[in-house]
Amino acid sequence: MASTSSLALSQALLTRTISRDGSGNRFSVPAFSGLKSTFPRTISTRRGCVSTSSHSFRPDLVRAAAVEAIETTTDSSLVDKSVNTIRFLAIDAVEKAKSGHPGLPMGCAPMSHILYDEFMRYNPKNPYWFNRDRFVLSAGHGCMLHYALLHLAGYDSVREEDLKSFRQWGSKTPGHPENFETPGVEVTTGPLGQGIANAVGLALAEKHLAARFNKPDNEIVDHYTYSILGDGCQMEGISNEVCSLAAHWGLGKLIAFYDDNHISIDGDTDIAFTESVDKRFEALGWHVIWVKNGNNGYDEIRAAIREAKAVKDKPTLIKVTTTIGYGSPNKANSYSVHGAALGEKEVEATRNNLGWPYEPFQVPEDVKSHWSRHTSEGAAFEADWNAKFAAYEKKYPEEAAELSSIISGEFPAGWEKALPTYTPECPGDATRNLSQQCLNALAKVIPGFLGGSADLASSNMTLLKAFGNFQKATPEGRNLRFGVREHGMGAICNGIALHSPGFIPYCATFFVFTDYMRAAMRISALSEAGVIYVMTHDSIGLGEDGPTHQPIEHLSSFRAMPNIMMFRPADGNETAGAYKIAVTKRKTPSVLALSRQKLPQLPGTSIESVEKGGYTISDNSTGNKPDVILIGTGSELEIAAQAAEELRKEGKTVRVVSFVCWELFDEQSDAYKESVLPSDVSARVSIEAGSTFGWGKIVGGKGRSIGIDTFGASAPAGKLYKEFGITIEAVVDAARSLI
């Protein structure tokens, strides 16, 4: 029985050789092949200039490259052939699409071949096997590299027809890697730096699970995270944020390959990027290796990976010096090969230069045969792990049940009952404090629940009190200390969420500082990563810190973003209800905007009603025809309720609606929407301490929206609400004008 359950669990988820002369100039040696010793006429100098003069040629480097190729431990001619297969699959796909980025695949083919063919453990027929090594192409524009590797390795998601439909409507090979489109792609990359940040999250997840579940007699969690990043990723600030954390956490199973080709879209990187990446990463705390011949130094690449895997206490950066567009006689080592098809003439010239007689998209039979072994090897890897898990499950049933929950995404029955409930008699409290009660309740019943804050845990109220901190020496802890790194924090949580379906990461900061991680939050939504964003200090109600800390347009902006739920709960029940939905919706991230100020527990709210997004909390009308509908969110729902009482004293029939989550309301039936917002009632007033943008959709052309469409100010919360007209009196006056 144990063996059967472990099997079900597993299957459920279905060159440039570089030298420097005395002046520091760089020289490149183009293609060397065991099949053909042909060298392009161009030698590139530090500025990327072209020279055809014979005195620039470096025969010593050519001899070194030849010796390197001859002394490889495997058949170098087959490796050359396999590497060139990767190059030409990329060239042919980009050429057929008439768009794409051929340069990176042509330059990175050697390192990626060695990695995917000789080191990585995976099962092509089950891309979601839990204990697989993870690979992230952070430089996602070069995605044809990844697609070529998946194709050669035998993944069903990237067949020949998929390569031929690169970048086309409905294809499994989009213009940047997308995890939700292409099995075998772990995360969605494209915006530079996001991928390496995701890789840090994946490596964190592995280290955390290994610390929690491995036993001296059974290391059930044991896999690596590999990533390729380029100069663009290095320039983006997010990469420094996350790489700093990776070293601090001691993520020894994170190995990053830096494609050191010195070319960006605008030309040689010397125009904007001259720092020593090696020294920066050493200062961050990484182990750094330099592979000087990334074009055909196969043994050098192998040795670097072995060395990296031997370093257990810190992540490793392998700087691999390559030639972008390697093999192209006229475009190699230039920006022109970065983001455009080579063109028919240059494709033919490259075929001649590399001695490639094959038709477009053709994989030579010996290369195909060589790579075909990964199907049987992958099945064996998974079968071996299934057997290990069966033994683990028998000896450690409690730990196995928790790990199974994280792997499968199946939570313990009745987990939602752990959420706290409230009555109007309960004392009022800030929703950030009520959120903390929910976080701690959920962490006790959901094994994969973990998270942290951007150096604000004591203000966000996000500390899990029963669990320790995730640190280098205590990776079993579930409190993640991100420091002041919002952008990196969000992207790391994406990686955690996409590691295994049962991981539920949350991260927290002040709501206004979503501006610092909006890019990561957008990728959460796009890549269907169910991160929970706990955003406190949700309005001008935070008070004296002033407009720099007071969000205005933020609610509207997230309501405009596809596949993300924007919650603004008004009290304890709505906060608990928001968490219930956020946990349930594993392919949709959630944002919870929470108050700093105390709010009452309102009559009429409930955990269950939050599922509708918008619902009635009080109504003295009959026949679904109130005189006026007052609509509020968060801290302003109380104002709407109090304004309704004033209007009712005047004999008016008033319905008060909580609009806690617009996205959920949009999912409801037309009949339900009509029961809450009857089309015959045009007298509607909304009140929310944020931008009024978008509220016209709810209140209609004849309704009124009370909010704030300017920046805030520094003053106590009560004073701000009065001065900006977010008051009971304002709601009553607006309602009277409509009735």
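Cβ atoms are placed via backbone N, Cα and C, with glycine included.
Just so you know, TrEMBL annotations are computer predictions that nobody has curated.
Taking the Cβ of H549 (substrate binding site) as reference, residues of its chain lying under 8 Å away and at least six apart in sequence are, in sequence order, F510, V512, H537, L542. Feature annotation from TrEMBL assigns substrate binding site to H101, H338, R432, S459, H537, D545, H549, R596.
Counting every protein chain shown, 26 other Cβ atoms lie within 10 Å of the Cβ of H101 (substrate binding site). Per TrEMBL, site 'Important for catalytic activity' is recorded for H101 (among others).
If you look up TrEMBL, you'll see H141, G190, P191, L192, G232, N261, H338, F513 marked as thiamine diphosphate binding site.
Taken from TrEMBL, the feature Mg(2+) binding site covers D231, N261, I263. Sequence-distant contacts (6 or more apart, same chain, Cβ under 8 Å) of D231 (Mg(2+) binding site) comprise D259, D260, N261, H262, I263, S264, T269, F273.
Applying an 8 A CB threshold to same-chain residues 6+ apart, the list for H338 (substrate binding site) reads H101, G103, L104, I263, S264, I265, I324, G325. Residues or ranges marked as site 'Important for catalytic activity' by TrEMBL: H338 (among others).
TrEMBL lists 429-601 with the feature domain 'Transketolase-like pyrimidine-binding'.
For E486 (active site, proton donor), the same-chain residues 6+ apart in sequence whose C-beta sits under 8 angstroms from its C-beta are A454, T509, F513, T514, Y516, M517. Here TrEMBL flags E486 as active site, proton donor.
Annotated pair G232 (thiamine diphosphate binding site) and S459 (substrate binding site), C-alpha to C-alpha distance, rounded: 35 Å. You'll find the Cα of S459 (substrate binding site) roughly 31 Å from the Cα of P191 (thiamine diphosphate binding site).
Annotated Mg(2+) site D231, N261, I263; additional same-chain residues within 8 Å of its Cβ mean position, judged by their own Cβ, are G230, D259, D260, H262, S264, T269, I324. Of all Cβ atoms in the protein chains displayed, 20 besides its own lie within 10 Å of the Cβ of G232 (thiamine diphosphate binding site). Per-residue pLDDT, averaged across the domain 'Transketolase-like pyrimidine-binding' (429-601), gives 97. Separation of the C-alpha atoms of H141 (thiamine diphosphate binding site) and R596 (substrate binding site): 42 Å, rounded to the nearest whole number.
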